[in-house]
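Structure first, commentary second.
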């Protein structure tokens, strides 16, 4: 309403020149012919009934206060709309002279564009600030404000913006693709690293397990190759008698193959005839000789049943079954011939009646039985007629040195003496090396390995192939010593090959060496004798030197300088004395 009043007031106070200009501007859009018809002269007269809302020519010269309509009848002087009007207001604005153009009569039809420009400039001059702000807000609009204006479709800025957006979009796509590729690569490398770490862990565990198994096999191989199976056992005075009793024992058992009957392999008549009267050298305990095994397998003599008593009667007593199939030849597995006697002697060395077999071992080596040579009986007999045989340092060292051998005689003297002492007159010593039941234990290095009986299982293929002899082949590393075609050199070659393999493995990796004993803790024979001399009981003769020497021999160790004993063992033994 305020805009309407302002326009209405401008219309009321236009000068005649301004009115002509306004009419010319309004009639410039019409053709000249129509303009002449439409142009009317303004009525100078006043019509009291004209109102500002009616298009009358007389309304330009009359004031709204003198309007004849009844619309303003109730208005007084205080309520007049012209109270705020400034009479000193200048209607002429700077630059208004440039807006006057040619009259409509002098303009031709070709000047249509010029009039349009004048109209446009005139209208732009009359636009207020509000419309200018609206035009600024709509400047980005491509369509023109007037219907005759064509929209701008090809603007360089819009093209650049579109290109920038497309380039940014492509860059983002490439960046996202690159990031996805990197993530996939990292994930793949992570999986490969995890698998490699897992495989390395498994390989390390397997290598450790193989190293443990290799150490165990090296220990077993060292026992077999060095022949130290009985060295530690025979160092005890009582054990020497026991092991010599095993060598003097006439009991021998050859394990036959499961499912086979005794045949020509066990009983070789020709071999028995050639080896029957043959004398061999003194056997070394713990070592089996091929000729002795052949002689033992070929001998045939009469035997007594396991339940009979010792008898010198040359009559043959052989176990006979109900159908009479077994003969006296089958007893050759358990007995052997005494070549020193002129005739066959039936000696009953069975487990139930033999006194030699009772030396701390039963018939099968599993349960102890009462023995004639028990520790109590031996102790009584030794103390009843005891005489001291050591009278000085030299004899003491000689007695103590019997625990070890030398270059000329590698067998300890204690072992030889125990062998000669255990030969009884009822059973004269034989020159043949007849293996007892301990030769099976010697093959395994003198140790009972429970793994052989716990972990080993008979393969199922043996049930179909009737081959049940694989257990003994796996349990004992040595081949069949009882076969005539056996050659002992094969065992040596096999051991050498294994040793060479171990040497090659030692060259590749550092071998774990068990730390040895401290040499400073080992006392020689001279130091032990000096210590005994400092004891008052020894000077008074209250100490049994023979018994003390035998106890020291049990703890003695062989070294390059002679026999040595650990200081702790010496303190323990002397403290008990």
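Numbers run from 1 along the shown chain.
The backbone N, Cα and C atoms fix where each Cβ goes, glycine too.
Swiss-Prot lists 25-178 (among others) with the feature region 'Disordered'.
Summarising the annotation, Swiss-Prot assigns compositional bias 'Polar residues' to 26-64 (among others).
Feature annotation from Swiss-Prot assigns compositional bias 'Basic and acidic residues' to 109-121 (among others).
Per Swiss-Prot, motif 'Bipartite nuclear localization signal' is recorded for 117-124 (among others), and the stated evidence type is sequence analysis.
Residues annotated as compositional bias 'Basic and acidic residues' in Swiss-Prot: 133-144 (among others).
Swiss-Prot lists 144-151 (among others) with the feature motif 'Bipartite nuclear localization signal', giving sequence analysis as the kind of evidence.
Annotated domain 'bZIP' per Swiss-Prot: 154-217, in sequence order, evidence recorded as sequence analysis. Look at the domain 'bZIP' (154-217): DSSP puts its residues at 62 helix, 0 strand, 2 coil.
According to Swiss-Prot, the feature region 'Basic motif' maps to 159-180. Within the chain carrying the region 'Basic motif' (159-180), a Cβ under 8 angstroms from the stretch's Cβ atoms is held by none of the residues 6 or more beyond its ends.
The region 'Leucine-zipper' annotation in Swiss-Prot covers 182-189.
Among the features that Swiss-Prot reports, region 'Disordered' is placed at 294-386 (among others).
Here Swiss-Prot flags 299-319 (among others) as compositional bias 'Polar residues'.
Positions annotated as compositional bias 'Low complexity' by Swiss-Prot: 347-364.
Residues annotated as compositional bias 'Polar residues' in Swiss-Prot: 365-377 (among others).
Feature annotation from Swiss-Prot assigns region 'c-CRD' to 525-558. Remark: secondary structure over the region 'c-CRD' (525-558) totals 24 helix, 3 strand, 7 coil, with classes taken from DSSP.
Annotation comment: Swiss-Prot describes 543-550 as motif 'Nuclear export signal'. On the 0 to 100 pLDDT scale, the motif 'Nuclear export signal' (543-550) averages 82 in this prediction.
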